[in-house]
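Student: Handing you a structure now.
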Amino acid sequence: MFDFIRKRINKTIKDASDAIPEEEMETNETDTEIEEKNDVSTGEKEITTDTEVSDDNSKNMEESEEDDKESGDDKEENKGMFSFFRRNNDSDNDDESKSSDEKPSEDIVGDNQVNKGEIVESGDADKSKDNDKEEKKGMFSFFRRNNDSDNDDESKSSDEKSSDNINDNNQVDKENVESIEMDEKSEEESESVEKSKETLDTEDVLVENPPDNIENNEDKKEDKGHFGFFSRNKNKEASSNQKDEKEEDKSDDDSGRFSFITKKTIKEEDIEDILEELEFSLIEGDVAFDVAERIVESVKEDLIGKKIKRRGDMELFTTNALKKAITEIIDNGYYDLLGDIEKSKEKGEPYKIMFVGINGTGKTTTIAKIATYLEKHGYSSVFGASDTFRAGAIEQLEHHANNLNLKIIKHERNSDPAAVAFDAVEHAKASGKDVVLIDTSGRMQTNANLMDEMKKIKRVSQPDIVIYVGDALMGNDATEQASKFNEVIDIDGIILTKADADAKGGAAISIGHVIHKPILFIGTGQSYDDLMEFEPEWMINQIFNEEAEA
Ligand SMILES: Nc1nc2c(ncn2[C@@H]2O[C@H](COP(=O)(O)OP(=O)(O)OP(=O)(O)O)[C@@H](O)[C@H]2O)c(=O)[nH]1
Ligand SMILES: [Mg+2]
(Lines of atoms letter the chains of each structure in order from A and count residues from 1; the text may use other names and numbers.)
(Lines give C-alpha, C1' and ligand atoms only; values in the text may rest on other atoms or scores of the structure.)
(Ligands and ions follow the chains in the order given, each with its own letter.)
Protein backbone atom coordinates (compact mmCIF):
# COMPACT_ATOMS: atom_id res chain seq x y z
CA MET A 1 0.00 0.00 0.00
CA PHE A 2 2.78 2.39 0.79
CA ASP A 3 5.21 1.44 -1.97
CA PHE A 4 5.65 4.96 -3.24
CA ILE A 5 5.94 6.63 0.15
CA ARG A 6 8.18 3.84 1.44
CA LYS A 7 10.61 4.27 -1.44
CA ARG A 8 10.71 8.03 -1.02
CA ILE A 9 11.12 7.84 2.73
CA ASN A 10 13.96 5.38 2.33
CA LYS A 11 15.55 7.64 -0.25
CA THR A 12 15.31 10.54 2.19
CA ILE A 13 17.00 8.45 4.87
CA LYS A 14 19.74 7.45 2.47
CA ASP A 15 20.25 10.98 1.20
CA ALA A 16 20.39 12.23 4.77
CA SER A 17 23.03 9.63 5.63
CA ASP A 18 25.11 10.92 2.74
CA ALA A 19 24.38 14.54 3.50
CA ILE A 20 27.29 15.13 5.80
CA PRO A 21 30.39 14.80 3.64
CA GLU A 22 32.94 12.32 4.93
CA GLU A 23 35.50 15.06 5.31
CA GLU A 24 33.26 16.86 7.75
CA MET A 25 33.10 13.83 9.92
CA GLU A 26 36.83 13.62 10.25
CA THR A 27 39.49 15.48 12.06
CA ASN A 28 40.77 18.47 10.26
CA GLU A 29 43.93 17.20 8.68
CA THR A 30 45.42 20.64 8.21
CA ASP A 31 45.20 21.38 11.90
CA THR A 32 45.97 18.10 13.46
CA GLU A 33 47.98 15.19 12.44
CA ILE A 34 47.64 12.25 14.69
CA GLU A 35 50.38 9.79 14.85
CA GLU A 36 49.51 6.47 16.19
CA LYS A 37 51.96 4.13 17.72
CA ASN A 38 51.23 0.64 18.52
CA ASP A 39 53.40 -0.88 21.11
CA VAL A 40 53.21 -4.56 20.41
CA SER A 41 54.85 -5.50 23.63
CA THR A 42 51.99 -4.13 25.64
CA GLY A 43 49.26 -4.04 23.11
CA GLU A 44 48.92 -0.38 23.86
CA LYS A 45 48.01 2.32 21.48
CA GLU A 46 50.23 5.33 21.44
CA ILE A 47 48.98 8.39 19.82
CA THR A 48 51.24 11.24 19.10
CA THR A 49 50.01 14.58 18.09
CA ASP A 50 52.77 15.98 16.04
CA THR A 51 51.38 19.18 14.85
CA GLU A 52 49.66 22.05 16.40
CA VAL A 53 46.53 21.36 18.27
CA SER A 54 44.93 24.66 18.89
CA ASP A 55 43.57 25.53 22.26
CA ASP A 56 40.12 25.65 20.78
CA ASN A 57 40.44 22.26 19.32
CA SER A 58 41.58 20.66 22.49
CA LYS A 59 38.92 22.47 24.41
CA ASN A 60 36.34 21.10 22.09
CA MET A 61 37.67 17.66 22.52
CA GLU A 62 37.50 18.09 26.23
CA GLU A 63 34.01 19.36 26.00
CA SER A 64 33.12 16.44 23.85
CA GLU A 65 34.13 14.08 26.57
CA GLU A 66 32.37 16.15 29.16
CA ASP A 67 29.20 16.13 27.08
CA ASP A 68 29.39 12.42 26.84
CA LYS A 69 29.74 12.09 30.54
CA GLU A 70 26.66 14.12 31.06
CA SER A 71 24.63 12.28 28.50
CA GLY A 72 25.65 8.94 29.79
CA ASP A 73 27.47 8.08 26.62
CA ASP A 74 30.59 7.25 28.52
CA LYS A 75 29.98 3.57 28.56
CA GLU A 76 29.58 3.42 24.84
CA GLU A 77 32.64 5.51 24.32
CA ASN A 78 34.66 3.30 26.57
CA LYS A 79 33.42 0.19 24.89
CA GLY A 80 34.58 1.71 21.66
CA MET A 81 37.94 2.39 23.16
CA PHE A 82 38.32 -1.16 24.25
CA SER A 83 37.32 -2.56 20.95
CA PHE A 84 39.82 -0.23 19.42
CA PHE A 85 42.63 -1.71 21.37
CA ARG A 86 41.43 -5.21 21.01
CA ARG A 87 41.25 -4.77 17.30
CA ASN A 88 44.73 -3.43 17.15
CA ASN A 89 45.97 -6.23 19.26
CA ASP A 90 44.26 -8.60 16.93
CA SER A 91 45.85 -7.04 13.96
CA ASP A 92 49.17 -7.38 15.70
CA ASN A 93 48.45 -10.97 16.41
CA ASP A 94 47.79 -11.53 12.77
CA ASP A 95 51.43 -11.10 12.21
CA GLU A 96 52.16 -14.76 12.64
CA SER A 97 55.70 -14.49 11.46
CA LYS A 98 56.75 -12.52 14.50
CA SER A 99 57.87 -14.52 17.42
CA SER A 100 56.64 -13.43 20.79
CA ASP A 101 60.25 -12.76 21.71
CA GLU A 102 60.56 -10.24 18.98
CA LYS A 103 57.39 -8.45 19.83
CA PRO A 104 58.30 -6.86 23.13
CA SER A 105 61.24 -5.08 21.64
CA GLU A 106 59.35 -3.91 18.65
CA ASP A 107 57.43 -0.72 18.40
CA ILE A 108 55.29 -0.31 15.44
CA VAL A 109 55.74 3.33 15.03
CA GLY A 110 52.84 4.73 13.17
CA ASP A 111 53.60 7.62 10.95
CA ASN A 112 49.93 7.46 10.84
CA GLN A 113 47.89 10.24 9.62
CA VAL A 114 44.25 10.50 9.99
CA ASN A 115 43.16 10.25 6.47
CA LYS A 116 39.57 10.06 5.33
CA GLY A 117 38.38 8.81 8.64
CA GLU A 118 40.77 5.97 9.06
CA ILE A 119 44.08 5.52 10.63
CA VAL A 120 46.41 4.38 7.93
CA GLU A 121 49.08 2.48 9.67
CA SER A 122 52.54 2.65 8.24
CA GLY A 123 54.37 1.02 11.02
CA ASP A 124 58.12 0.96 10.99
CA ALA A 125 59.08 -2.02 12.99
CA ASP A 126 62.78 -1.48 12.55
CA LYS A 127 63.22 1.82 14.23
CA SER A 128 66.46 2.08 16.08
CA LYS A 129 66.47 1.66 19.77
CA ASP A 130 67.59 5.23 20.19
CA ASN A 131 64.63 6.42 18.33
CA ASP A 132 62.52 4.18 20.44
CA LYS A 133 63.84 5.71 23.53
CA GLU A 134 63.21 9.15 22.34
CA GLU A 135 59.71 8.27 21.32
CA LYS A 136 59.00 6.66 24.61
CA LYS A 137 60.40 9.53 26.53
CA GLY A 138 58.06 11.75 24.67
CA MET A 139 55.17 9.44 25.20
CA PHE A 140 55.84 9.24 28.81
CA SER A 141 56.19 12.93 29.22
CA PHE A 142 52.80 13.44 27.71
CA PHE A 143 51.22 11.35 30.31
CA ARG A 144 53.26 12.84 33.01
CA ARG A 145 51.87 16.13 32.01
CA ASN A 146 48.38 14.86 32.08
CA ASN A 147 48.78 12.98 35.25
CA ASP A 148 50.21 16.07 36.79
CA SER A 149 47.44 18.21 35.58
CA ASP A 150 45.00 15.67 36.82
CA ASN A 151 46.16 15.53 40.37
CA ASP A 152 49.89 15.41 40.39
CA ASP A 153 49.49 11.80 41.05
CA GLU A 154 53.03 11.22 42.07
CA SER A 155 52.16 7.97 43.74
CA LYS A 156 51.68 6.17 40.47
CA SER A 157 54.10 3.39 39.91
CA SER A 158 56.12 3.28 36.77
CA ASP A 159 54.11 0.25 35.77
CA GLU A 160 51.01 2.31 35.78
CA LYS A 161 52.63 4.98 33.83
CA SER A 162 53.78 2.57 31.23
CA SER A 163 50.27 2.16 30.08
CA ASP A 164 49.84 5.84 29.47
CA ASN A 165 51.53 6.06 26.19
CA ILE A 166 50.58 9.20 24.49
CA ASN A 167 53.16 11.47 23.03
CA ASP A 168 52.25 14.97 22.28
CA ASN A 169 54.93 16.91 20.53
CA ASN A 170 52.98 20.05 20.08
CA GLN A 171 55.17 23.01 19.55
CA VAL A 172 52.79 25.79 20.34
CA ASP A 173 50.39 24.41 22.84
CA LYS A 174 51.16 25.92 26.20
CA GLU A 175 50.71 22.68 27.93
CA ASN A 176 53.07 21.11 25.54
CA VAL A 177 55.80 23.40 26.61
CA GLU A 178 55.27 22.11 30.09
CA SER A 179 55.29 18.67 28.69
CA ILE A 180 58.69 19.13 27.16
CA GLU A 181 60.00 20.32 30.49
CA MET A 182 58.54 17.27 32.06
CA ASP A 183 60.36 15.16 29.51
CA GLU A 184 63.66 16.20 30.84
CA LYS A 185 62.66 15.82 34.44
CA SER A 186 61.35 12.40 33.95
CA GLU A 187 63.93 10.89 31.68
CA GLU A 188 64.85 8.46 34.37
CA GLU A 189 61.34 7.35 34.90
CA SER A 190 60.92 6.96 31.22
CA GLU A 191 63.67 4.43 31.09
CA SER A 192 62.07 2.51 33.90
CA VAL A 193 58.90 2.48 31.90
CA GLU A 194 60.70 0.87 29.06
CA LYS A 195 61.98 -1.80 31.34
CA SER A 196 58.62 -2.45 32.79
CA LYS A 197 57.18 -2.76 29.33
CA GLU A 198 59.58 -5.50 28.51
CA THR A 199 58.33 -7.47 31.43
CA LEU A 200 54.76 -7.35 30.32
CA ASP A 201 53.16 -10.16 28.44
CA THR A 202 53.04 -9.83 24.75
CA GLU A 203 49.47 -9.86 23.61
CA ASP A 204 46.16 -8.52 24.77
CA VAL A 205 47.62 -7.75 28.10
CA LEU A 206 45.86 -4.54 28.60
CA VAL A 207 42.49 -5.33 27.26
CA GLU A 208 41.72 -8.97 27.49
CA ASN A 209 44.01 -10.02 30.30
CA PRO A 210 45.43 -7.05 32.02
CA PRO A 211 48.54 -7.90 34.02
CA ASP A 212 48.28 -7.65 37.71
CA ASN A 213 50.36 -4.59 37.92
CA ILE A 214 47.82 -2.77 35.87
CA GLU A 215 44.75 -4.49 37.10
CA ASN A 216 45.68 -3.70 40.66
CA ASN A 217 46.12 -0.07 40.07
CA GLU A 218 45.04 1.84 43.05
CA ASP A 219 42.78 3.86 40.87
CA LYS A 220 40.97 1.39 38.71
CA LYS A 221 38.74 3.93 37.14
CA GLU A 222 41.84 5.34 35.53
CA ASP A 223 42.33 2.17 33.54
CA LYS A 224 40.20 3.22 30.67
CA GLY A 225 41.99 6.49 30.52
CA HIS A 226 45.35 4.81 30.46
CA PHE A 227 44.84 3.62 26.98
CA GLY A 228 45.53 6.85 25.46
CA PHE A 229 44.17 9.79 23.76
CA PHE A 230 40.94 9.90 25.69
CA SER A 231 42.37 10.11 29.13
CA ARG A 232 43.75 13.47 28.32
CA ASN A 233 40.34 14.75 27.44
CA LYS A 234 38.43 12.84 30.04
CA ASN A 235 40.40 14.14 32.94
CA LYS A 236 40.37 17.75 32.11
CA GLU A 237 37.55 20.08 32.82
CA ALA A 238 35.39 21.23 29.96
CA SER A 239 36.04 24.83 29.26
CA SER A 240 34.49 25.72 25.95
CA ASN A 241 31.07 26.94 25.02
CA GLN A 242 31.48 26.42 21.32
CA LYS A 243 29.14 23.52 21.28
CA ASP A 244 28.54 23.26 17.61
CA GLU A 245 32.15 23.20 16.60
CA LYS A 246 33.61 19.97 15.40
CA GLU A 247 34.67 17.67 18.12
CA GLU A 248 36.91 14.75 17.75
CA ASP A 249 35.64 11.40 18.65
CA LYS A 250 36.65 7.87 18.12
CA SER A 251 34.35 5.26 16.91
CA ASP A 252 33.93 2.09 14.98
CA ASP A 253 32.65 2.43 11.51
CA ASP A 254 30.57 -0.26 9.87
CA SER A 255 33.52 -1.87 8.23
CA GLY A 256 34.89 -2.67 11.63
CA ARG A 257 37.86 -0.42 11.12
CA PHE A 258 38.59 2.21 13.59
CA SER A 259 38.07 5.72 12.53
CA PHE A 260 38.27 9.16 13.89
CA ILE A 261 35.00 10.88 13.52
CA THR A 262 34.40 14.43 14.30
CA LYS A 263 31.26 15.28 16.12
CA LYS A 264 29.33 17.29 13.67
CA THR A 265 26.28 19.27 14.58
CA ILE A 266 23.52 19.06 11.99
CA LYS A 267 22.68 22.43 10.56
CA GLU A 268 19.75 23.51 8.47
CA GLU A 269 21.85 23.82 5.34
CA ASP A 270 22.91 20.18 5.66
CA ILE A 271 19.37 18.94 5.27
CA GLU A 272 17.27 21.63 3.62
CA ASP A 273 17.54 20.19 0.10
CA ILE A 274 16.71 16.71 1.30
CA LEU A 275 13.73 17.92 3.25
CA GLU A 276 12.49 19.96 0.34
CA GLU A 277 12.66 16.87 -1.81
CA LEU A 278 10.89 14.90 0.91
CA GLU A 279 8.08 17.42 0.97
CA PHE A 280 7.60 17.14 -2.79
CA SER A 281 7.69 13.37 -2.53
CA LEU A 282 5.04 13.30 0.16
CA ILE A 283 2.76 15.56 -1.82
CA GLU A 284 3.37 13.47 -4.92
CA GLY A 285 2.49 10.44 -2.79
CA ASP A 286 -0.94 11.94 -2.02
CA VAL A 287 -0.12 13.30 1.38
CA ALA A 288 -2.07 16.50 1.96
CA PHE A 289 0.02 19.63 1.50
CA ASP A 290 -0.31 20.83 5.10
CA VAL A 291 0.49 17.38 6.41
CA ALA A 292 3.59 17.11 4.23
CA GLU A 293 4.72 20.50 5.49
CA ARG A 294 4.16 19.47 9.06
CA ILE A 295 6.10 16.23 8.68
CA VAL A 296 9.03 18.09 7.15
CA GLU A 297 8.98 20.76 9.86
CA SER A 298 8.95 18.15 12.56
CA VAL A 299 11.87 16.25 11.02
CA LYS A 300 13.80 19.48 10.59
CA GLU A 301 13.22 20.49 14.21
CA ASP A 302 14.33 17.10 15.35
CA LEU A 303 17.50 16.95 13.30
CA ILE A 304 18.91 20.45 13.57
CA GLY A 305 21.32 20.63 16.44
CA LYS A 306 21.76 16.89 16.78
CA LYS A 307 25.34 15.77 17.08
CA ILE A 308 26.66 13.11 14.81
CA LYS A 309 29.24 11.09 16.62
CA ARG A 310 29.65 8.14 14.38
CA ARG A 311 28.68 6.84 11.01
CA GLY A 312 25.13 5.60 11.04
CA ASP A 313 23.98 8.35 13.37
CA MET A 314 22.53 10.42 10.58
CA GLU A 315 20.55 7.46 9.25
CA LEU A 316 19.31 6.65 12.73
CA PHE A 317 18.38 10.22 13.57
CA THR A 318 16.56 10.72 10.28
CA THR A 319 14.65 7.45 10.58
CA ASN A 320 13.62 8.26 14.12
CA ALA A 321 12.64 11.80 13.25
CA LEU A 322 10.50 10.59 10.34
CA LYS A 323 8.89 7.87 12.41
CA LYS A 324 8.08 10.33 15.14
CA ALA A 325 6.63 12.87 12.70
CA ILE A 326 4.47 10.31 10.88
CA THR A 327 3.34 8.62 14.09
CA GLU A 328 2.11 11.97 15.35
CA ILE A 329 0.22 12.51 12.12
CA ILE A 330 -1.50 9.14 12.01
CA ASP A 331 -2.29 8.93 15.69
CA ASN A 332 -5.69 10.58 15.86
CA GLY A 333 -7.17 8.81 18.78
CA TYR A 334 -8.91 5.49 18.99
CA TYR A 335 -12.51 4.62 18.59
CA ASP A 336 -13.51 1.65 20.67
CA LEU A 337 -16.19 0.38 18.36
CA LEU A 338 -16.72 -3.01 19.97
CA GLY A 339 -16.67 -1.45 23.42
CA ASP A 340 -19.34 1.06 22.44
CA ILE A 341 -21.48 -1.62 20.82
CA GLU A 342 -21.24 -3.67 23.99
CA LYS A 343 -22.33 -0.70 26.09
CA SER A 344 -25.37 -0.15 23.85
CA LYS A 345 -26.20 -3.80 24.04
CA GLU A 346 -26.06 -3.70 27.82
CA LYS A 347 -28.53 -0.83 27.72
CA GLY A 348 -30.80 -2.84 25.42
CA GLU A 349 -30.32 -0.34 22.60
CA PRO A 350 -29.22 -1.15 19.07
CA TYR A 351 -25.99 0.52 18.09
CA LYS A 352 -26.46 2.58 14.89
CA ILE A 353 -23.75 3.16 12.32
CA MET A 354 -24.30 5.43 9.31
CA PHE A 355 -21.95 5.17 6.32
CA VAL A 356 -21.34 8.21 4.10
CA GLY A 357 -19.04 9.18 1.28
CA ILE A 358 -18.86 10.06 -2.37
CA ASN A 359 -19.89 7.70 -5.17
CA GLY A 360 -18.28 4.33 -5.52
CA THR A 361 -15.86 4.51 -2.58
CA GLY A 362 -17.03 1.16 -1.23
CA LYS A 363 -19.74 2.01 1.29
CA THR A 364 -22.06 -0.87 0.45
CA THR A 365 -19.27 -3.44 0.25
CA THR A 366 -17.82 -2.17 3.51
CA ILE A 367 -21.18 -2.54 5.25
CA ALA A 368 -21.16 -6.21 4.32
CA LYS A 369 -17.58 -6.52 5.61
CA ILE A 370 -18.48 -4.83 8.90
CA ALA A 371 -21.45 -7.16 9.38
CA THR A 372 -19.06 -10.07 8.90
CA TYR A 373 -16.61 -8.57 11.39
CA LEU A 374 -19.36 -7.96 13.96
CA GLU A 375 -20.69 -11.45 13.58
CA LYS A 376 -17.21 -12.77 14.33
CA HIS A 377 -17.30 -10.73 17.53
CA GLY A 378 -20.71 -12.04 18.46
CA TYR A 379 -22.93 -9.13 17.39
CA SER A 380 -25.94 -9.38 15.12
CA SER A 381 -26.71 -6.77 12.45
CA VAL A 382 -29.52 -5.46 10.32
CA PHE A 383 -29.09 -3.49 7.08
CA GLY A 384 -30.94 -0.25 6.30
CA ALA A 385 -31.10 0.33 2.53
CA SER A 386 -31.09 4.12 2.63
CA ASP A 387 -29.53 4.47 -0.81
CA THR A 388 -32.82 4.89 -2.55
CA PHE A 389 -31.25 7.08 -5.20
CA ARG A 390 -28.94 4.94 -7.32
CA ALA A 391 -30.42 2.25 -9.55
CA GLY A 392 -29.46 -1.17 -8.33
CA ALA A 393 -28.26 0.07 -4.94
CA ILE A 394 -31.00 -1.68 -2.98
CA GLU A 395 -30.45 -4.93 -4.87
CA GLN A 396 -26.74 -4.73 -4.26
CA LEU A 397 -27.24 -4.51 -0.51
CA GLU A 398 -29.87 -7.20 -0.64
CA HIS A 399 -27.40 -9.48 -2.37
CA HIS A 400 -24.95 -9.07 0.50
CA ALA A 401 -27.74 -9.58 3.06
CA ASN A 402 -28.66 -12.84 1.42
CA ASN A 403 -25.06 -13.97 1.29
CA LEU A 404 -24.60 -13.21 4.94
CA ASN A 405 -28.04 -14.36 5.98
CA LEU A 406 -28.95 -10.98 7.43
CA LYS A 407 -32.15 -8.96 7.50
CA ILE A 408 -32.43 -5.90 5.22
CA ILE A 409 -34.97 -3.09 5.72
CA LYS A 410 -35.81 -1.53 2.34
CA HIS A 411 -38.39 0.74 0.73
CA GLU A 412 -39.12 1.55 -2.86
CA ARG A 413 -36.48 3.22 -4.97
CA ASN A 414 -36.55 7.06 -4.62
CA SER A 415 -38.39 6.85 -1.31
CA ASP A 416 -37.21 8.92 1.66
CA PRO A 417 -33.89 7.48 2.78
CA ALA A 418 -34.36 8.92 6.29
CA ALA A 419 -37.58 6.95 6.67
CA VAL A 420 -35.78 3.73 5.69
CA ALA A 421 -33.12 4.39 8.31
CA PHE A 422 -35.77 5.04 10.94
CA ASP A 423 -37.52 1.78 10.11
CA ALA A 424 -34.28 -0.15 10.28
CA VAL A 425 -33.65 1.16 13.79
CA GLU A 426 -37.18 0.29 14.85
CA HIS A 427 -36.75 -3.21 13.46
CA ALA A 428 -33.51 -3.68 15.38
CA LYS A 429 -35.18 -2.55 18.58
CA ALA A 430 -38.12 -4.86 18.03
CA SER A 431 -36.07 -7.89 17.07
CA GLY A 432 -33.20 -7.39 19.49
CA LYS A 433 -30.50 -6.88 16.86
CA ASP A 434 -27.29 -5.44 18.19
CA VAL A 435 -26.26 -3.16 15.35
CA VAL A 436 -28.00 -1.22 12.56
CA LEU A 437 -25.83 -0.59 9.48
CA ILE A 438 -27.27 2.26 7.37
CA ASP A 439 -26.17 2.46 3.74
CA THR A 440 -26.50 5.83 2.01
CA SER A 441 -26.09 6.83 -1.59
CA GLY A 442 -22.81 8.26 -2.76
CA ARG A 443 -22.85 12.01 -3.18
CA MET A 444 -20.47 14.71 -4.14
CA GLN A 445 -19.70 17.12 -1.37
CA THR A 446 -20.63 19.90 -3.77
CA ASN A 447 -24.23 18.69 -4.19
CA ALA A 448 -26.06 20.76 -1.60
CA ASN A 449 -29.38 18.93 -1.91
CA LEU A 450 -27.85 15.54 -1.38
CA MET A 451 -25.75 16.84 1.47
CA ASP A 452 -28.94 18.18 3.09
CA GLU A 453 -30.61 14.83 2.58
CA MET A 454 -27.72 13.17 4.35
CA LYS A 455 -28.10 15.53 7.29
CA LYS A 456 -31.76 14.56 7.48
CA ILE A 457 -30.94 10.83 7.62
CA LYS A 458 -28.63 11.55 10.50
CA ARG A 459 -31.18 13.68 12.30
CA VAL A 460 -33.89 11.06 12.02
CA SER A 461 -31.91 7.92 12.72
CA GLN A 462 -29.66 9.41 15.43
CA PRO A 463 -26.66 7.22 14.65
CA ASP A 464 -24.14 6.52 17.39
CA ILE A 465 -21.36 6.92 14.90
CA VAL A 466 -21.01 8.32 11.38
CA ILE A 467 -18.29 6.69 9.34
CA TYR A 468 -16.79 8.33 6.30
CA VAL A 469 -15.82 5.73 3.72
CA GLY A 470 -12.94 7.05 1.64
CA ASP A 471 -11.24 5.53 -1.36
CA ALA A 472 -7.47 5.39 -0.85
CA LEU A 473 -7.00 5.46 -4.62
CA MET A 474 -8.46 8.94 -4.73
CA GLY A 475 -5.43 10.18 -2.90
CA ASN A 476 -5.55 13.67 -1.59
CA ASP A 477 -9.06 14.15 -3.03
CA ALA A 478 -10.30 11.61 -0.50
CA THR A 479 -8.84 13.78 2.23
CA GLU A 480 -10.40 16.97 0.89
CA GLN A 481 -13.78 15.28 0.51
CA ALA A 482 -13.59 13.94 4.03
CA SER A 483 -12.99 17.47 5.19
CA LYS A 484 -16.15 18.72 3.48
CA PHE A 485 -18.27 15.83 4.77
CA ASN A 486 -16.93 16.48 8.23
CA GLU A 487 -17.99 20.13 8.04
CA VAL A 488 -21.52 19.16 7.05
CA ILE A 489 -22.22 16.09 9.10
CA ASP A 490 -19.50 15.76 11.74
CA ILE A 491 -17.78 12.47 11.01
CA ASP A 492 -16.71 10.23 13.90
CA GLY A 493 -14.34 7.91 12.11
CA ILE A 494 -12.94 6.78 8.79
CA ILE A 495 -12.73 3.58 6.82
CA LEU A 496 -10.25 3.76 4.00
CA THR A 497 -11.01 1.27 1.23
CA LYS A 498 -9.00 -0.16 -1.65
CA ALA A 499 -5.75 -0.02 0.27
CA ASP A 500 -4.85 -3.21 -1.57
CA ALA A 501 -4.83 -1.30 -4.85
CA ASP A 502 -3.24 1.91 -3.59
CA ALA A 503 0.46 2.11 -4.28
CA LYS A 504 0.97 5.55 -2.81
CA GLY A 505 -0.51 5.60 0.66
CA GLY A 506 -0.66 9.35 1.14
CA ALA A 507 -4.39 9.44 1.84
CA ALA A 508 -4.00 6.92 4.63
CA ILE A 509 -1.32 9.09 6.17
CA SER A 510 -3.15 12.38 6.07
CA ILE A 511 -6.90 11.76 6.06
CA GLY A 512 -7.29 11.21 9.79
CA HIS A 513 -5.06 14.11 10.67
CA VAL A 514 -6.91 16.56 8.45
CA ILE A 515 -10.27 15.92 10.10
CA HIS A 516 -8.81 14.95 13.47
CA LYS A 517 -10.68 11.66 13.48
CA PRO A 518 -9.33 8.14 13.70
CA ILE A 519 -9.20 5.58 10.93
CA LEU A 520 -11.11 2.56 12.22
CA PHE A 521 -10.57 0.06 9.44
CA ILE A 522 -8.72 -0.38 6.18
CA GLY A 523 -10.40 -2.16 3.28
CA THR A 524 -7.97 -4.56 1.70
CA GLY A 525 -9.96 -6.32 -1.01
CA GLN A 526 -13.34 -7.28 -2.33
CA SER A 527 -14.27 -10.16 -0.12
CA TYR A 528 -16.09 -9.99 3.19
CA ASP A 529 -13.00 -10.67 5.21
CA ASP A 530 -10.90 -8.03 3.54
CA LEU A 531 -11.18 -5.58 6.37
CA MET A 532 -8.41 -4.76 8.76
CA GLU A 533 -8.58 -2.97 12.07
CA PHE A 534 -6.35 0.05 11.74
CA GLU A 535 -3.24 0.11 13.89
CA PRO A 536 -0.81 3.04 13.64
CA GLU A 537 2.08 0.66 14.34
CA TRP A 538 1.11 -1.43 11.35
CA MET A 539 1.21 1.62 9.16
CA ILE A 540 4.59 2.73 10.48
CA ASN A 541 5.94 -0.73 9.81
CA GLN A 542 4.54 -0.64 6.29
CA ILE A 543 6.13 2.70 5.61
CA PHE A 544 9.57 2.01 7.05
CA ASN A 545 10.10 -1.68 6.64
CA GLU A 546 11.38 -2.44 3.18
CA GLU A 547 10.24 -6.00 3.56
CA ALA A 548 6.70 -5.00 4.47
CA GLU A 549 4.05 -6.46 2.26
CA ALA A 550 2.65 -4.05 -0.25
N1 LIG B 1 -9.97 -3.69 -4.27
C2 LIG B 1 -10.94 -3.27 -3.48
N3 LIG B 1 -12.14 -3.01 -3.98
C4 LIG B 1 -13.12 -2.57 -3.16
C5 LIG B 1 -12.90 -2.40 -1.80
N6 LIG B 1 -14.03 -1.95 -1.25
C7 LIG B 1 -14.93 -1.84 -2.24
N8 LIG B 1 -14.40 -2.22 -3.41
C9 LIG B 1 -15.04 -2.24 -4.73
O10 LIG B 1 -15.42 -0.94 -5.06
C11 LIG B 1 -16.54 -0.99 -5.92
C12 LIG B 1 -17.58 -0.05 -5.38
O13 LIG B 1 -18.06 -0.56 -4.17
P14 LIG B 1 -19.45 -0.13 -3.57
O15 LIG B 1 -19.55 -0.83 -2.28
O16 LIG B 1 -20.52 -0.37 -4.55
O17 LIG B 1 -19.24 1.38 -3.37
P18 LIG B 1 -20.33 2.45 -2.90
O19 LIG B 1 -19.63 3.47 -2.16
O20 LIG B 1 -21.41 1.73 -2.21
O21 LIG B 1 -20.84 3.02 -4.27
P22 LIG B 1 -22.12 3.91 -4.47
O23 LIG B 1 -23.22 3.23 -3.74
O24 LIG B 1 -22.34 3.93 -5.92
O25 LIG B 1 -21.82 5.24 -3.94
C26 LIG B 1 -16.98 -2.41 -5.93
O27 LIG B 1 -16.55 -3.02 -7.11
C28 LIG B 1 -16.29 -3.04 -4.74
O29 LIG B 1 -16.04 -4.40 -4.91
C30 LIG B 1 -11.59 -2.70 -1.29
O31 LIG B 1 -11.27 -2.56 -0.10
N32 LIG B 1 -10.67 -3.12 -2.17
MG1 LIG C 1 -23.41 1.82 -2.39
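Even glycines carry a Cβ here, placed using N, Cα and C.
TrEMBL: automatically predicted annotations, no manual curation.
As listed in TrEMBL for this protein:
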BINDING   357-364, 439-443, 497-500  GTP binding site
COMPBIAS  1-17  compositional bias 'Basic and acidic residues'
COMPBIAS  20-34  compositional bias 'Acidic residues'
COMPBIAS  35-48  compositional bias 'Basic and acidic residues'
COMPBIAS  63-75  compositional bias 'Acidic residues'
COMPBIAS  96-106  compositional bias 'Basic and acidic residues'
COMPBIAS  124-138  compositional bias 'Basic and acidic residues'
COMPBIAS  154-163  compositional bias 'Basic and acidic residues'
COMPBIAS  178-191  compositional bias 'Acidic residues'
COMPBIAS  217-226  compositional bias 'Basic and acidic residues'
COMPBIAS  234-256  compositional bias 'Basic and acidic residues'
DOMAIN    518-531  domain 'SRP54-type proteins GTP-binding'
REGION    1-257  region 'Disordered'
Student: Write out how many residues of the compositional bias 'Basic and acidic residues' (1-17) are helix, how many strand and how many coil, based on DSSP.
Tutor: 15 helix, 0 strand, 2 coil
Student: Including all protein chains displayed, how many Cβ atoms other than that of A499 (GTP binding site) lie within 10 Å of its Cβ?
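Tutor: So the number of other Cβ atoms within 10 Å of A499 (GTP binding site) is 25.
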Student: Grab the pLDDT values for the domain 'SRP54-type proteins GTP-binding' (518-531) and give me their mean, rounded.
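Tutor: It averages 97.
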Student: Identify, among the binding-site residues G357, G360, the residue whose Cβ has the fewest other Cβ atoms within 10 Å in this structure.
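Tutor: Selected from the binding-site residues G357, G360 on minimum Cβ neighbours within 10 Å: G360.
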Student: Excluding near sequence neighbours, so keeping only residues 6 or more apart in the same chain, what lies with its CB under 8 A of T440 (GTP binding site)?
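Tutor: In sequence order, the residues whose Cβ lies under 8 Å from that of T440 (GTP binding site) (at least 6 apart) are M354, F355, V356, K363, S386, D387, P417, M454, I457.
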Student: Please go through the binding-site residues G360, K363, T440, R443 one by one and keep those whose C-beta falls under 6 A from any atom of ligand 1; give the result in sequence order.
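Tutor: If the test is a Cβ under 6 Å from any atom of ligand 1, the answer is G360, K363.
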Student: Judged by the number of other CB atoms within 10 angstroms, which among K363, R443 is the least packed of the binding-site residues?
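Tutor: Among the binding-site residues K363, R443, the lowest count of other Cβ atoms within 10 Å belongs to R443.
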Student: Under 6 Å from ligand 2 by Cβ, which binding-site residues from G357, G360, K363?
Tutor: K363
